[in-house]
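Some features that TrEMBL has for this protein:
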- 1-32: region 'Disordered' (REGION)
- 1-13: compositional bias 'Polar residues' (COMPBIAS)
- 19-28: compositional bias 'Pro residues' (COMPBIAS)
- 35-201: domain 'Glycerol-3-phosphate dehydrogenase NAD-dependent N-terminal' (DOMAIN)
- GLY40, SER41, GLY42, SER43, TRP44, GLY45, PHE128, ALA186, ARG302, LYS329, GLN331: NAD(+) binding site (BINDING)
- LYS153, ARG302, ASN303: substrate binding site (BINDING)
- 226-372: domain 'Glycerol-3-phosphate dehydrogenase NAD-dependent C-terminal' (DOMAIN)
- LYS237: active site, proton acceptor (ACT_SITE)
Amino acid sequence: MSIDPPSNLTTPAFTRPSSPAPQLPPSPLKSGKHKIAVIGSGSWGSALAKIAAENAWKRHDEFHSEVRMWVREKQVNGKKLTEVINRTHLNSRYLPDIPLPRNLVATPHLKDVVKDATLIVFVTPHQFLHTVIREISAPGILTPGARAITAIKGVEVNGTDISTFASLIEAQLSIPTSALSGANIALEVAKGQFCETTIGVPGRADALLWEAVFDSPDFRVATVDDVAGVSLSGALKNIVALAAGMVDGMGMGGNTKAAILRIGLQEMRGFCLEFFAGSKAETFSNESAGIADLITTCYGGRNRKCAEEFAKTGQPFDVIEKKLLNGQKLQGTLTSEEVNRFLLARRRTKGYPLFEKVYKIAFEGMPVNELVKGL
Ligand SMILES: NC(=O)c1ccc[n+]([C@@H]2O[C@H](COP(=O)([O-])OP(=O)(O)OC[C@H]3O[C@@H](n4cnc5c(N)ncnc54)[C@H](O)[C@@H]3O)[C@@H](O)[C@H]2O)c1
Ligand SMILES: O=P(O)(O)OC[C@H](O)CO
């Protein structure tokens, strides 16, 4: 792997402010306060909503203390999930045993969630984002001056075009959109175990606001001016995690897995630099969103776990997802399919041999022991 020059270790464009803390950009609401809404209540949605609600309650007067979280209504033991969450302050379906703050309110209707919100967090599994956008994009629903952030890990492919979800949200809702990604397994974050994350921002106001929403002593935020790099690193590492799981499932050891991580990181960075002008190599080598997320996902993530099972049993991924994830969603298989379709359209599959192998093994019946041959 090439080593980046020391200049890459310089401070990123937007860093944690030194004291005194700068004033937050003003809210467009009459109250003068920002209002946070979280769209998504899976394991990561609930963990991020917990942090945002704790910060709104304890750390920042500039925020309304109530934070709303969109919960797709579901019956749990004969009761509505929203009512269970609001009564017990536990998301028994997707993040059990983790107490949620009382100022976090589960809300079943999207329009009620985003009403008056000035800071909107998108964190659904990526296959459901379009339905959400359709529902809130009608005129008069979003607050003028609102901003968004996406913590979704995936990409959108249309023929020879590829977009990040940040650019898609920004284009379809006409609001500035940041991207959050890092070495963040939801349950560990929700338990308050120390970790870092990276937020790619389009400007300084976004950096200040999103850092205030999420930064805490246990969840350290670094902001960088590379929305595409942060988005792509989060999406592409899931393909590499599938490869890592296959290695585990074949009973290969640490050397092979380390090789997969190294090659995977090269392909992730190469892909981003080739197709996303202005993205930065340092996001991959220096930030939690790059190398650190790759490591945690390839050892502790759901994509790794399901790919291990795939290599051991040969069952299709959709069967394994249902069997092992209890309603949570795999993102790596979708991303693998989308990235392969894009590379085929651009006639560039040969530039990304690991991505291509993962796709062929997952979807075209290539034997799993072909994974490392010829890499
Ligand atoms: N879980 C993690 O550790 C983690 C960490 C970082 C990033 N992410 C990313 O965050 C995103 C959300 O992941 P998650 O772990 O919160 O979700 P999840 O995998 O726990 O999935 C459950 C969520 O999907 C929703 N859902 C299921 N069917 C739906 C439908 N038909 N329409 C709309 N919503 C539906 C559920 O309501 C629930 O909110 C993903 O892109 C993921 O890659 C996850
Ligand atoms: O469990 P995974 O494989 O979806 O990965 C979770 C997170 O993306 C790790 O940062």
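Any Cβ shown, glycine's included, is placed from N, Cα and C.
Locations of recorded TrEMBL features on the structure.
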{"residue": "GLY40", "record": "NAD(+) binding site", "CB count, 10 Å": "26"}
{"residue": "GLY42", "record": "NAD(+) binding site", "CB count, 10 Å": "21"}
{"residue": "TRP44", "record": "NAD(+) binding site", "CB count, 10 Å": "25"}
{"residue": "PHE128", "record": "NAD(+) binding site", "CB count, 10 Å": "15"}
{"residue": "LYS153", "record": "substrate binding site", "CB count, 10 Å": "27"}
{"residue": "LYS237", "record": "active site, proton acceptor", "CB count, 10 Å": "32"}
{"residue": "ARG302", "record": "NAD(+) binding site", "CB count, 10 Å": "22"}
{"residue": "ASN303", "record": "substrate binding site", "CB count, 10 Å": "26"}
{"residue": "GLN331", "record": "NAD(+) binding site", "CB count, 10 Å": "22"}
| note | The correct DSSP tally for the domain 'Glycerol-3-phosphate dehydrogenase NAD-dependent C-terminal' (226-372) reads 116 helix, 0 strand, 31 coil
| task | Give me the Cα-Cα distance between TRP44 (NAD(+) binding site) and LYS153 (substrate binding site), rounded to a whole Å. | result | 11
| At its widest, how many Å does the recorded substrate site span between Cα atoms of LYS153, ARG302, ASN303? | 13
| note | Within 8 Å of the Cβ centroid of LYS153, ARG302, ASN303, the other same-chain residues by Cβ around the recorded substrate site are ASN238, ALA241, THR297, GLY301, ARG304, LEU330, GLN331, GLY332
| DSSP three-state assignment for PHE128 (NAD(+) binding site) | helix
| task | To the nearest whole angstrom, state the Cα distance for the pair PHE128 (NAD(+) binding site) and ASN303 (substrate binding site). | result | 18
| task | Spatially speaking, which of the binding-site residues GLY40, GLY42, GLN331 is closest to LYS237 (active site, proton acceptor)? Use C-alpha to C-alpha, please. | result | GLN331
| What is the separation, in Å, between the Cα atoms of GLY42 (NAD(+) binding site) and LYS153 (substrate binding site)? | 13
| query | Among the recorded positions GLY40, GLY42, PHE128, LYS237, ARG302, ASN303, which have a Cβ atom lying under 6 Å from any atom of ligand 2? | reply | ARG302, ASN303
| message | Near ligand 1, which of the binding-site residues show up if the criterion is a Cβ under 6 Å from one of its atoms? Options: GLY40, PHE128, LYS153, ARG302. | response | GLY40, PHE128, LYS153
| For LYS153 (substrate binding site), which of the binding-site residues GLY40, ARG302, GLN331 has the nearest Cα in space? | GLN331
| message | Just to confirm my parser: what is the rounded mean pLDDT across the domain 'Glycerol-3-phosphate dehydrogenase NAD-dependent N-terminal' (35-201)? | response | 96
| remark: In three-state DSSP terms, GLY40 (NAD(+) binding site) is classed as coil
